[in-house]
Amino acid sequence: MAQSVLLTGAAGRVGEAILEGLAEEHEWRLLDRDPPTEDQPGEFVVADITDEDAVREAMEEIDVVVHLAGDPRPEAPWDSVLTNNIDGTQTVFEAAVDAGVEKVVFASSNHAVGNYETDDRTPDMYREHDEYLLDGTELPRPSNLYGVSKAAGETLGRYYHDEHDISVVCVRIGNLTEGHPPIDYERGQAMWLSYRDCAHLFDRCIRADYDYEIVYGISDNDRKYYSLERARDALGYDPRDNSAYYDGEDRVVEPDP
Ligand SMILES: NC(=O)C1=CN([C@@H]2O[C@H](COP(=O)(O)OP(=O)(O)OC[C@H]3O[C@@H](n4cnc5c(N)ncnc54)[C@H](O)[C@@H]3O)[C@@H](O)[C@H]2O)C=CC1
Ligand SMILES: O=C1O[C@H](COP(=O)(O)O)[C@@H](O)[C@H](O)[C@H]1O
């Protein structure tokens, strides 16, 4: 069944991948502090997520919130992640609970756990033969202040779920690129998320029933150090892409199965 979905950060890259795949699947209300540059499916609200009144208004009649808005830079300074990623996310969760929203899908990041990539594990852990796997049950180990802000967002989700019973899924997104995996970047290839798998994963987050979940958001790459088991079991995620089907440049070496 189509859901009424509020998509924050809709003007960004992840928003683009989601809307490219799912424009017709749900009723969209889009929110971003930057106005749209082209036609969009649904109403577009130009607002900052730290503006409590605007966020509360955008939340009316919404079933599911997909919360992407924030500073996505791994090198982002503390004042920006504190305002946009932590304060903004708290404003979104609080307004969602008050509006009776059923589910919040939170865009977390690989950088919430980036410091598991220790000197003695890398680069082997980026390669197919290595068996090291994170599964979402491990504690956060952020690689920067941006990662700290994503771990904080996951914890806000845990709190709002436990205290207010709202369903929350935190997607630790890997590396989203369009068309082909990152070039000449083993880490990025191991955590590649294709546009179509991204749309499918967020569709499952919108439709599935769950309590509180942390899942990894990557394609079914041969070389991976993030388990997809929880995303498959809890959400029904069934990815179709694999960075191993590319030659490390932008050429396909094996067709889609
Ligand atoms: N692109 C990727 O590979 C990954 C993205 N993520 C997360 O996914 C989310 C989306 O990332 P991208 O689309 O790549 O970034 P982006 O920079 O392309 O899009 C973010 C959007 O959020 C908006 N925004 C930022 N702060 C805002 C605020 N205070 N109020 C309203 N709008 C605001 C921006 O205007 C922008 O359109 C971010 O939370 C990011 O941390 C996590 C891991 C990987
Ligand atoms: O969280 C994010 O992660 C991706 C991948 O990180 P990188 O350090 O390997 O580039 C990044 O591209 C994206 O901007 C960021 O939001």
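Heads up, residue numbers simply count up from 1 along the chain you see.
Backbone N, Cα and C define each Cβ position, glycine as well.
Keep in mind that what you see is a predicted model, and the values were worked out from it rather than measured.
Sequence annotations record features per position, and here TrEMBL assigns domain 'NAD-dependent epimerase/dehydratase' to 5-176.
Around Ser109 (NAD(+) binding site), a 10 Å sphere centred on its CB holds 28 further CB atoms from the protein chains shown. For Asn84, Ser109, Tyr146, Lys150, the entry in TrEMBL reads NAD(+) binding site.
Tyr146 (NAD(+) binding site) has a Cβ environment of 24 other Cβ atoms inside 10 Å. Per TrEMBL, the feature active site, proton acceptor maps to Tyr146.
Residues or ranges marked as region 'Disordered' in TrEMBL: 238-257.
The annotation compositional bias 'Basic and acidic residues' is assigned in TrEMBL to 248-257.
The 6 Å Cβ screen around ligand 2 retains Ser109 from the binding-site residues Asn84, Ser109, Tyr146, Lys150, ordered by sequence position.
Cβ neighbour count for Asn84 (NAD(+) binding site): 21 (other Cβ atoms within 10 Å of its Cβ, all protein chains included).
For Lys150 (NAD(+) binding site), the number of other Cβ atoms no farther than 10 Å from its own Cβ, over all displayed protein chains, is 30.
Each residue in the domain 'NAD-dependent epimerase/dehydratase' (5-176) has a pLDDT score, and their mean in this model is 97.
The NAD(+) site is defined by Asn84, Ser109, Tyr146, Lys150, and by the 8 Å test on Cβ atoms against their centroid, the other residues of the chain that qualify are Gly70, Asp71, Pro72, Ala76, Val81, Asn85, Ser108, His111, Ala112, Gly147, Ser149, Gly153.
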